[in-house]
């Protein structure tokens, strides 16, 4: 439609320029009024209904011929008028038939009743058809001789046909579509435009005087058409009729009408809703089918597969294009439309100026009013058309970006679950999360720019052609300047690119460091290493990152200078050449269109370097992603899986002559020539020293290692418990059920067997307690048992247990051996392979395998190996176990139910299987938890009580929604729910802005604002000066005083550019970087000083998010957005002033327009802000879940749960896209509305100018040119203002979030100056607990209650108790990780609560339960503050039995340790923390379950060290799991439920036969 109008305007203008000079000039002028009405009675040509006897021109029987302009009146000829109508009819017939075909072929009819609305619409249409038929009759009567060959008759017939087509579409669409068909809507719109042009023509011909009946008929038809259009378009269909056919979650974009799509009105309901209430996730629409991650992920997977198959070097670019290129190509068409219409405006401006001049210049003939009106309308129409085009283009680009993000996220996740060890080695968890967070994002951002690659050159070409029409070859001067500027801009871009790369590296380094700090906060606090790490962080942040940012700021300023001076230099040089080379005066109708074109030229020029950078960044990302997506995956054929075994004693695991390596490219093998087999119903133990390869052995069965040679076969499903148990951030119950169907009976058995019932009683919400990230709220032993319960619940065929007994207390270990692992345990009919150093299990085992240096040294049954007196015998001897004894009881396996076990995996339907299984379940040896009479009666009737039934397989639960809600109702009373991430609602408070400005330095902000306004005024001054100059030239008809005018113009321009540089520099270097330095420092300090309870309730991902994305925003985005906002505010303000000065009438419009503007903006702000918040809040779970999955890859793979986790990932991504899609659509919704206001401003400026000129107000062409060239720019400025306000709002949220963390409550002060302990403290090492009680954090129960202990100097104290009795809490209390609720602890008579934390923690040594290792060198790990010299370090390594290992690593003390110490075994990590403890010169040493992960021999060596001369005069407090490690203590503390129940020497306690005796007996150490 707009094109039609534009064409009409253009055609009109061109014809008018070559206006025939006739005496009838006055008639032309008279008939050129706006409505066409005039009072002349003759001389204005022939009417629409007049015809000659024969054809003078083909197909046209009217005297005026084809025209197109009538020689008599200011109007089209009657024949030409019908060309418009005919083209609409043709559109109706052609497009209509296509639409009909589509409707019938693709849309199923639904039974929808035809209501009165439908009939009204169709009856109206029938009347219109009748009306046109009547018009046809009039025509045939009026052209009696020639009607059969006249174009006007053909047009009317075509119109009737097209109306019939439309009638059919409207009939069919009623039951096939939920909305009006696009073709129909456009048909009516175009028809109305064509008919109104025709109406004006009929009025101008005074048909109403010649043939009134025809005129009336025509007007009635016109009125009916208007009614029909509004009926079809605005009258909504009753939704209720369609309701039944709809899924509950759908996206309105799928059934919006075409106008609604073009104007984004489908967003309006959400905008309205968001204005009145705060949006939550529940209010969001579903995604349309094509955008869901499932669809996009599949599309990408297929395309990538195709690449891998067909090419040696697969290309990610081609794969992405193949998967998502379609809509993106459609976007290109919209872009062309936008580009072309953009350059029509300056041409129209030229006609407008010519029109004004015809009225103002002395001696010129004034042109008809309708011409001016047509030009103004055409400008408006072109502006509206441009808006619709550009936003359709943007929307498609963004949607493509969104699909790319979804598809890539899904691909990256799936790949992560398949990576092999080599693939993982080079990429830390942080890196892989970065692929998802950063690189996928880069490609998403590229979609906004990629089309500019062809569009920018295209725009430049159009622009140059238009310029050539205006100033001839002088434009070459301008092009020359541009060509010079392009390489300069290129160099700057390259320079910035390198800085940006460095910035990325620094950012990575910083987020890695932060991640480690957060993950190991407990150790940092225990060792009092806060200062050392803070310095490390500050070094990366201030000396590397911010230094680089300053450079980036300077580069930015220089770049700004070049590109703000480019357009100006271009215009300057062009005008100079034009003035000096020709005699033609530089008049207003050249200057202002030229300026408008130069303004348009700045965009493609500015965008090209950005496009290049964006492409370069994206190609870096593509490189990284390609290398990741093609990284090595686990060996698919490493393990052959066979069907599950049926009989007890069948072979289930077989390893033949196998050799394994961690890395397929290195020659170093972990395991050589392994031969091993395990059978159903057997317990096999794998024993060996630390680092002998026990864990590797299990992983080889899982298929995680690279198999160099040999075979591995397993039969049936696996369950795996890793050494460091992997616990998900979910409830305990979800962790155990792990995606299988919930079966309460078996669940209870599992929990009981794994000794978790007591723990559930202690946990705040029982098994609905939410475990934090990495199982943070469970103790080590609880984690291990939850992981074991997960394995048991899975009811697999083969169990691989990696040392699951080391973390639990010995009596619990006994319980687990009896109820789970042993011959009477739950798993007795399964294959169990256990890597362990626990002697009691060996006695129960069927088979033992001793590993040494990666080879099997000995294997056989317990009795055989003991008889051999080999390595295993030594191991047992070291542990001080008597070889005779209990072994005899377990010697005969036949006692444990030797009947063939019944396998219930019968063929047959699932239904049947389930019922058989349920029937059988009553009779397995597992008695149900609540045995009742029914139980025994069944067993009597079946008579098979002894049968050792195989547990039935766990069946997977069906998943319909993301994890985290297995129960429907959230339990509001639960205490451990992680606080949802707090997202502030509503407007960001002003205090945040003022706080930010203060941190940024107020003086600098003031300077910035002054330079900003100065720069804008200077730019404005340049244009005004040009106006003065061109007006002068127009008057003179030549170019007087060129030098003066040019010189001043040049000076103004350069001044403006220089001011903008100052403005950027001040902003970056003095405001933004200052602020972000202070903010980061405050937040980091606050995090370091937060109490441990903060880290227990806050997921690490959330803290990292503040340090990565929020700090990035504060560093780089915020300043830029503020700058854009203020610049555009200044621009728009100046524009409105100029227009108002030119046409004062415009002032009247400012108020309603501003009101509308503010109204739209407010609407938008509310909704957009919430949508963006939802978008960012829903983003962290994606990464959190991803990080979590990366930690448990081997577990997920072992349970073969990849699909469930992939699904979970898809849900999380979808949840994020559900917020992202409306948030980008909201931007388009806003822009379309604002640009419409902009178009109204253009219309008003042009329209008022036309009215003002035709009323002889004395308005000059220069003024009009100046005002219009600014009005044309206003749309972009207005749009930017709102967008930047929102950007500022969303990004200032980051400041708010950083400040929120900066104000976190901190722990007690590090040092209390007035109260510092003496230098030698604690010299004696006496510890006293006085009525001490404590809890982990407010609102939780007490973990220690009224503890009274006094520990004498140099005593060795053992602390024992069942898991969760508060043993570890005791050590935390000593270090004040948890503060007392009542009572206190004194050391050497000094109350520990009265001194600073640093003083306290520095003087105590600890070997914590989980050895935290940091990425870095061995030296950094032992001594991060670098206070000790090499000799000290080597000597402690020697005492810790690590010297040989460290010496063998590359670089000795400088040897690299990977993230989390992953290149040391768990036992070696424990030894590192022993070495750390020795470095601390303290008289008090706390061991927290220190030797839990160490094998028996190493343990013995350690115990000797700890009992040796080095530690003789220290007080040692040992929290023990293995009772034998503390039997020789001076005294033993026995804790139960947080209270001391016994405290005395071990001998007395055993004699007393109390709790301690019970523990000793369970561990099998007591003589009966």
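Placement of Cβ uses the backbone N, Cα and C atoms for every residue, glycine included.
Annotation comment: TrEMBL describes 83-103 (among others) as transmembrane segment.
The transmembrane segment annotation in TrEMBL covers 123-141 (among others).
Sequence annotations record features per position, and here TrEMBL assigns transmembrane segment to 153-172 (among others).
What TrEMBL records for 184-203 (among others) is transmembrane segment.
Annotated transmembrane segment per TrEMBL: 215-235 (among others), in sequence order.
Summarising the annotation, TrEMBL assigns domain 'ABC transmembrane type-1' to 330-617 (among others).
Look at TrEMBL and you will find 369-394 (among others) tagged as transmembrane segment.
Panel annotation: around the transmembrane segment (557-578), residues 467, 471-472, 474-478, 480-482, 485, 488-489, 492-493, 496, 584, 586, 590-591, 594-595, 598-599, 601-602, 605-606, 609, 1022, 1046, 1049-1050, 1053-1054, 1056-1058, 1060-1061, 1064-1065, 1068 of the same chain, lying at least six beyond its termini, place a Cβ under 8 Å from a Cβ of the stretch. For 557-578 (among others), the entry in TrEMBL reads transmembrane segment.
If you look up TrEMBL, you'll see 590-616 (among others) marked as transmembrane segment.
The domain 'ABC transporter' annotation in TrEMBL covers 653-878 (among others).
Residues or ranges marked as region 'Disordered' in TrEMBL: 880-901 (among others).
For 924-951, the entry in TrEMBL reads compositional bias 'Polar residues'.
Here TrEMBL flags 924-984 (among others) as region 'Disordered'.
Taken from TrEMBL, the feature transmembrane segment covers 1002-1026 (among others).
According to TrEMBL, the feature domain 'ABC transmembrane type-1' maps to 1009-1290 (among others).
Sequence annotations record features per position, and here TrEMBL assigns transmembrane segment to 1046-1073 (among others).
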*Looking at the stretches 123-141, 153-172, 1002-1026, 1046-1073, 1230-1251, which one shares the most CB pairs under 8 Å with the transmembrane segment (1134-1160)?*
1230-1251
_Annotated stretches the transmembrane segment (184-203) and the transmembrane segment (369-394) touching (3 or more Cβ pairs under 8 Å)_ = no
*Cβ contacts under 8 Å made by the transmembrane segment (123-141) with residues that lie 6+ beyond its boundaries*: 49, 147, 150, 152-153, 156-157, 159-160, 163-164, 166-167, 170, 211, 213-214, 217-218, 220-221, 224-225, 227-228, 231
*Out of 83-103, 153-172, 1002-1026, 1046-1073, 1230-1251, which stretch touches the transmembrane segment (590-616) the most, going by CB pairs under 8 Å?*
1002-1026
_Range from 83-103, 1002-1026, 1046-1073, 1230-1251 with most C-beta pairs under 8 A to the transmembrane segment (369-394)_ = 1230-1251
*What residues in the same chain, six or more past the boundaries of the transmembrane segment (1046-1073), come closer than 8 Å to it by Cβ-Cβ distance?*
546, 549-550, 552-554, 556-558, 560-561, 564-565, 568-569, 572, 575-576, 579, 1000-1001, 1004-1005, 1007-1008, 1011-1012, 1014-1015, 1018-1019, 1021-1022, 1025-1026, 1029, 1115, 1118-1119, 1122-1123
*Could you pull out which residues elsewhere in the chain have a CB under 8 Å from any CB of the transmembrane segment (1230-1251), counting only those six or more residues past its ends?*
262-264, 352, 355-356, 369, 372-373, 375-377, 379-380, 383-384, 386-388, 391, 394, 1139, 1142-1143, 1145-1146, 1149, 1153, 1156-1157, 1160-1161, 1164, 1168, 1259, 1264, 1267-1268, 1271-1272, 1274-1276, 1278-1279, 1282-1283
*Between the transmembrane segment (1002-1026) and the transmembrane segment (153-172), do 3 or more CB pairs sit under 8 angstroms, pairs being 6 or more residues apart?*
no
*asked:* With Cβ-Cβ distances below 8 Å as the criterion, list the same-chain residues six or more beyond the ends of the transmembrane segment (1002-1026) that contact it, or say none.
replied: 568, 591, 595, 1045, 1048-1049, 1052-1053, 1055-1056, 1059-1060, 1062-1063, 1066-1067, 1070-1071, 1074, 1126-1127, 1130-1131, 1134, 1138, 1266, 1269-1270
_Below 8 angstroms Cβ to Cβ, which residues of this chain, lying six or more residues outside the transmembrane segment (83-103), approach it?_
4, 8, 68, 151, 154-155, 158-159, 161-163, 165-166, 168-169, 172-173, 176-177, 181-184, 186-187, 190-191, 193-195, 197-198
